[in-house]
């Protein structure tokens, strides 16, 4: 490359090139262009900035803590348990007050069990036998209550019997009661205290009213006009899910309590309020389906004066509560604002590109506008709006 070439390259570094625009006097394309501009501008202002608040920096890494307490007492009188008063220590599992807890509403009680031999329950299909060889010793009864001893026990002169087992005897045989044992539990109350923190903005909030009145939580109850009293009546809470309390108390179920925090931190902290949603999470089958309800077993152990260990087995039906918390917080930040404005400007360019396609490809005079927009340079040809190489060499750069 000669000295002149190097000088020309050096000078071209300081040149500024700008685009050449062609004004197309076409009302249809012009109207389309303005409609696209208005649509993009409306999307940017209404959806991006007003609805989605694209000018804010957001934090969805919510830190949350849940404390729960159930209160209420009820009285029962049954043949298995006799007269008994039930309080929170009897019917709430676990007692620590976590975000998942269980309230007992119905029971099947098998008292005074001890480890010895007895006949397996007739309701266990795998326990049916006709002779001792059907009960191989040492093998557990599948879905049963104990380990086979090798004997087939028959009642009277019947040929069919059940295997003898070593287990906690007598085994559970009773069916679920037709009415819930703790049917009056619908008047119990649940206190749900929720602490939240958005770490990015160091913002704290709780769902309990900030007051020094010690009697506030003793007299208030949750409602649309009182969202900062998180005390819920158990029957009302179940009814808000569309379920009947006596039905779910009979066979059990799972209730979800969702607390949602959607906080605009550009406003006052008092504008950041919790929203509650209640739903039934277990599948509700029609009739008395075997898949309906929720239950589990637990036992209470004791020894008599002779040191023999006994237990009372309880099959508990009831309502499991899952308390779930989620949320987001937003606050003005210049960075997302600039990013979204730049995205809107880029969309304006997409509108121009689309109109160019319509102008030079899809209208009747597209060839005319195409020739105006683009100039072709060919060696050895002149005329018809085309520029030859010799003409290009004679053009001079306009300098300011």
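Note that Cβ sites are derived from N, Cα and C of the backbone, with glycine treated the same way.
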Range annotated as transmembrane segment in TrEMBL, from 341-363, 364-386: 341-363
Segment assigned the feature transmembrane segment in TrEMBL (from 11-30, 31-50): 31-50
Winner by Cβ contact number (other Cβ atoms within 10 Å) across the recorded positions 70, 169, 229, 263: 263
Beyond the flanks of the transmembrane segment (341-363) by at least 6 residues, Cβ under 8 Å: 24, 26, 28-29, 32-33, 36-37, 40-41, 43-44, 48, 369-370, 373
Nearest recorded site to residue 272 (disulfide bond) by CA-CA distance, among binding-site residues 71, 295, 296, 297: 71
Sparsest-packed of the listed disulfide-bonded residues (163, 220) - C-beta count within 10 angstroms: 220
Top Cα neighbour of residue 135 (disulfide bond) in the set of recorded positions 69, 118, 152, 263, 295: 152
